[in-house]
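The active site, proton donor/acceptor annotation in TrEMBL covers Asp294. What TrEMBL lists as Zn(2+) binding site is Glu143, His211, His232. Taken from TrEMBL, the feature substrate binding site applies to Ala154, Asn235, Ala236, Arg243, His272, Leu328, Ser329, Gly330. The annotation domain 'Amidohydrolase-related' is assigned in TrEMBL to 62-401.
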Amino acid sequence: MPSNKSVSDAPIVQFTNCRILRSHQLQREDLWVREGKILNPEKLFFDEKGSADIQLDCKDSIIAPGFIDVQINGGFGVDFSLATDDFKSGIDLVSQKILSHGVTSFCPTLVTSPPSVYHQVLPQIGIRNGGAYGAGILGAHLEGPFISKEKKGAHPEHCLRNFEAGAFQDLLATYGSLDCVRIVTLAPEMKRSSEVIQELTKRGICVSLGHSVANLSQAEEAVQHGATFITHLFNAMLPFHHRDPGIVGLLTSDKIPAGRRVFYGMISDGIHTNPAALRIAHRAHPKGLVLVTDAIAGMGLAPGRHTLGQQVVEIDGLNTYIAGTKTLSGSVATMDTCVRHFQEATGCSIETALEAASLHPAQLLGIEHKKGTLNYNSDADFLMLNDGLYVQATYIAGEEVWRQDALGM
C-alpha cells in the first residue's frame, strides 16, 4: 500500500475493538487519529490510499468524548478564588489531577470575591489546549458577585454587589478584564442586568442565571437578552411553585427565542439534588442538561476544614458545608462520579449520560465543532471507559495523558 507521507508525515493511529459514541449512539467501529484530530477513514483509504501506522486494541472499551467541566472551583487543595503567588502551579495541579476523572477541558470557577482577587487571579488564567501536562482551560467562570443576598449560598455577603448606574462599566471595574472570561453567573432580577447580559453576550461570553430570586418572566427576559445557561438548577434559586415556577420554569418555557436552547447545570452528586428532582429536570428538558461538579478545594482530600474563596468550609463525607452551618458549599464529587450517578438515578442510556458531560457543555460554549464529539476533524480528546462508566484511559489530541494501569490500579 502506498505510504501515508504523500499527505502528512504524522503517524496515523487506529483504535480497534471499541464502541464509539457518535451521533448519539455507541457504534462498533474503529477510531482513526492523526495530528490530534479525528480522521475520516473513507477519505484516508480512497483519497490518500493510506493506512494506519499504529493499531491499538481497545479490548471492547467504550470510547467517548472527553468530559468538559464548566463549573469547578478547585480541588486537591487548590482554591481558584484565592489570590496566591503560586496560582499558576495550583491551576496546573488541578488540570493534571482531573485527567484521571475523564475531564479534558474545564472552566476554572471563581466564587464571589473582592475586586482585588479578580484583578490578581484573572490575568493568571490563560486559555490553553490540554496535553500531557493537564486538561485544557476554556476560560474562567465568574460566579458572582452580582447575585442575590437572599440566595447567596456559600458566597460571602460582604462581597456581593449591585449594578450601579454605568452597569457594564461597573462589572468591568470589578473584574478588571474579561479577556479570559467564558461564563458569568448573575441574578437577572437585578436592576440594569438586561444591559449587562446584552453586553456580555456581544463579547461572546455565556451568561448564566443563578443565586437568584428571579420569577419566570424575569428569567425569560434575561434569555431574550442573550442568557443561555442556568447555574446549578434547583440550588440557590426560588423553589418551583406552580403559579410562578421561577428560573426552573425556563426548562419548559414557550418564550425562548426560536433557535435558542437554554442549558442548565446539575450537580449530580446525590446530595445537592434529590434523584427525583434530577429525573424531573432530565425528563422535562433532556437536551439542556449539563453535568457540573461544582467541586471545591477539598475534592480529592480527606474530610476536614478547607477554603472556598473567602469562606472556611467543612467536609463531612460527601457533604460540604460553610463551617459551623448546614449551608451546602460546592461539592467534592468528581465528574466521572457525577456521570455514573446521573445514569443510575435517571435510568437514562449510557450515551445520554456521557453526552451530558461532553456534547452539551460543548454546545453551551459553542465549541461543538471541535470538542464534545468524535466527529471527523474534531479534536481527538477522548476517554476509554468500561461498561460501568469507569475511566480507563484519557487522551488529549490523540495522545494518552492518563491510564489506570499505569498507576498499578
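Residue positions begin at 1 at the first shown residue.
Using the three backbone atoms N, Cα and C, a Cβ is placed for every residue, glycine included.
Unlike curated records, TrEMBL annotations are generated automatically.
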Environment of Glu143, His211, His232, the listed Zn(2+) site - residues of the same chain whose CB lies within 8 A of the CB centroid: Gln71, Gly144, Ile147, Gly153, His155, Thr185, Ser208, Gly210, Thr231, Asn235, Ala236
Among His211, Arg243, His272 [binding-site residues], residue with fewest other Cβ within 10 Å: Arg243
Rounded mean pLDDT for the residues that make up the domain 'Amidohydrolase-related' (62-401): 96
Asp294 (active site, proton donor/acceptor) versus Asn235 (substrate binding site) - Cα distance in angstrom: 11
Distant-in-sequence Cβ neighbours of Gly330 (substrate binding site), under 8 Å, six or more positions away: Asn73, Ala154, Asp294, Ala295, Ile296, Leu308, Val313, Thr320
Among Glu143, His211, His232, which are recorded as binding-site residues, the nearest neighbour of His272 (substrate binding site) by Cα: His232
Inter-residue C-alpha distance, Leu328 (substrate binding site) and His232 (Zn(2+) binding site) (nearest angstrom): 12
Spatial neighbours of His211 (Zn(2+) binding site), counting only the binding-site residues Ala236, Arg243, Ser329 and Cα distances within 10 Å: Ala236
Distance, Glu143 (Zn(2+) binding site) to Ser329 (substrate binding site) (CA atoms, angstrom): 13
Sparsest-packed of the listed binding-site residues (Ala154, Ala236, Leu328) - C-beta count within 10 angstroms: Leu328
Pairwise CA distance, Ala236 (substrate binding site) versus Glu143 (Zn(2+) binding site), rounded so that it is a whole Å: 12
Entry from the binding-site residues list Asn235, Ser329 having the most other CB atoms no farther than 10 A: Ser329
Pairwise Cα distance for His232 (Zn(2+) binding site)/Arg243 (substrate binding site) [Å, integer]: 22
Neighbour count (Cβ, 10 Å) for Glu143 (Zn(2+) binding site): 29
Integer Cα-Cα distance in angstrom, Glu143 (Zn(2+) binding site) to Arg243 (substrate binding site): 28
